[in-house]
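**Student:** One structure, pasted below without further comment.
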Amino acid sequence: MSYVPPHLRNSAAGKTTTTPTINSKGADHFSSKHTSRIPSLEKSSNGYSNSARRSSLNYSLPNTVAVPDPVFPHWKPSERVLRLKSEQIEEIRLRLNVDVNVSPGSCPAPSPIESFPDMCLDASVMKDIEKHGYTAPTSIQAQAMPVALSGRDLLGCAETGSGKTAAFSIPMIQHCLAQQPLQCGDGPLALVLAPTRELAQQIEKEVTAFSMSLDSFKNAIVVGGTNISEQRSELRAGVHIVVATPGRLIDHLQQGNTSLSRIAFVVLDEADRMLDMGFEPQIREVMRNLSVKHQTLLFSATMPAEIEALAQDYLTNPVRIKVGKVSSPTANVSQTLEKVPENDKIDRLLDLLVEEAAQAEKSGHPFPLTIVFVERKTKCDEVAEALTQQGLLATALHGGRSQNEREAALRDFRHGPINILVATDVASRGLDVTGVAHVINLDLPKTMEDYVHRIGRTGRAGSTGRATSFYTDRDMYLVAQIRRAIADIGSGNDVTIAMGKTARRKEREAAAAEKEARSELSKLSLVGSTVNVEDKYRHMIAPSMIKKEGAADDAWDD
C-alpha cells in the first residue's frame, strides 16, 4: 500500500553557608568565605550586535580577589620515547598517517607516542583509560596528546570517528590535576566549547569516563534547552571542567554565575561548525576575556579561511596536526545514488527498509543501525511515523524536540530498541554512535561538505558502511560532484573539496546558475534553438542540444 501523507489522510480515507574548597587531587577542605567570588554582570539589552559593548564586559573575578597563576608543569614522556631519533619519529608518523607542521623558528613537535604508559599520565587517569577499554592510542591521540601535554597550542584536523575527544579530554584532566585547589566561585579550570547540545553531551560523558577515579573531580555541561537554574547551581558550587555551547556559556557569564579567571586550558571542538552556526562573536568574546596565560586546542573537521583566521588570532605558534584524508568521502563507505521523484521518496524508503528488515530476519541478524536524513523538521516526524506504521523501530531527532526528547531518542538509538534514527542536520556532525551501518539521504543537503559529514556517520574508525542518496533534478549540481568524488575514490585519487562559508556560498551560487541554465535550455529546446554550454554543465545536457565548438552555427554534435 502506498504511503499517504498526514494532510491527505482524511480525504484518502473518506541560603549562606561555609563553602568547600575542592582539591583537584581529591581532598576536600573548607574555607570560611561566606560570599560568592563571582562578579555580577548585567546583560546587554543589545544582545550580541554591539561589539564595542561586548568587548567592555569583564568575565573575570574582581581585582580585590587573588587568582592563582595557572600551572604548566614540565611534562616528559618515558625514556624510551625520549631516545627516539628523528628518522624513527617520521617513520611512526608515516605509519599513523599523520602530518605534523610547526611555524618556522618554532621548536619541533613532540614525538607521537603509541602507548598510554609511555605518556606518563596520572595513575588515576591511567586506571580510567584501562577501564574505558582503551588499549592503544589512535593516530590523533598518539600525536595530539603529547602536544597538549607539553603545553603547546594545537590546530588539529582529523576525520570523523578518529578519537579526538579523548585526545583533548585526557590532557585537559591532567592539566586540572596540576592546578592549585579550586574554590567555590573561582570558575572552572578548563573549558570546552562545542556547537551542539548532542556533541557537548558526548564530550562531557567522555570527560567523566576519564575522571571517574578522581575523588571530588567535577564536570558541568552548560547547554541550551535544559534547566538554567540547575546549571547555575553547579557552576556556583565549583567545577573543574565546563563543556558548553557558546550561547549558553555567555548567558551564565553575563548573569555572573561563573568566571573565566582561572581557565588556562581551552578546547574549541568542531570549530568550523560553530562558525557555520554563527557563534563566532561568542567564541571571540570568550577568547578575549581569558587570562594571559592559557593553552588553546582547536579541532576542526575542515580548514577553511575562517578557521585559519581564528587560529591566527588566538593560537600561538600552534602545532598543526592532520590525520587521514580530512573532509572527503571515505573509501570504506559504499555510496549509491538513486533518482526518485519527490512524491515517491517516502514510498521508496519504506520499500528499501522493509526489504532490509526482511533480509535481516531471514539471516538471523539484527536490523542494521540506520540514519535517515531529511530536510525539514516536519518531514522528520512524518517519516518516523511512516516507518513505525510499517512495523519498523524508528524515532525522530531534530531541533524542534525538547532536550529530554532528544536525549531519549539518542539513548534508544544507541542502546535499543530503536534502530532507525530519522534526523535533520542536527545529527550530521559530532554524533558518534558505534555501529551505524547505513546512512540514507532522503533529501540531499545543499553542499558537498554537508554530504561528507552526513555519510561520515557510518564507516567510522576503520569499519565499513553504506550511504544511499535519493535525488531529483534540483540536486543535479551536487550529484555531479558526488559522482566525481566516487570516481576519484575508485581510482585511488585524493578527493579535494572546498570547505567553509565562503566556499559554500560560491557552491550555492554555482548551483543556482546551473539551475537557471537548465531552465533556459529547457525553454530553448521547445523552439529548436541552439546554445553554447559551459563544460561544467555538459554532463547534464542531451548531446543533441550542444553546439559543437568551432563548428558552423548550424552544425550539431552527435
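Cβ atoms are placed via backbone N, Cα and C, with glycine included.
Nobody curates TrEMBL annotations by hand; they come from automatic prediction.
Pasting the feature list from TrEMBL:
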| type | residues | note |
| --- | --- | --- |
| REGION | 1-54 | region 'Disordered' |
| COMPBIAS | 13-24 | compositional bias 'Polar residues' |
| COMPBIAS | 42-54 | compositional bias 'Polar residues' |
| DOMAIN | 114-142 | domain 'DEAD-box RNA helicase Q' |
| MOTIF | 114-142 | motif 'Q motif' |
| DOMAIN | 145-321 | domain 'Helicase ATP-binding' |
| DOMAIN | 345-505 | domain 'Helicase C-terminal' |
**Student:** Please give the sequence-distant neighbours of the motif 'Q motif' (114-142): residues at least 6 beyond its ends with Cβ less than 8 Å from one of its Cβ atoms.
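**Tutor:** For the motif 'Q motif' (114-142), the far contacts come to 75-78, 80-81, 92, 96-98, 149, 156, 158, 162-164, 166-167, 170, 173-174, 177, 209-214, 321, 323-324, 461.
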**Student:** So what's the mean pLDDT when you look at the domain 'Helicase ATP-binding' (145-321)?
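**Tutor:** That stretch averages a pLDDT of 92.
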**Student:** With DSSP, how much of the motif 'Q motif' (114-142) is helix, how much strand and how much coil, in residues?
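**Tutor:** Grouping H, G, I as helix and E, B as strand yields 16 helix, 0 strand, 13 coil.
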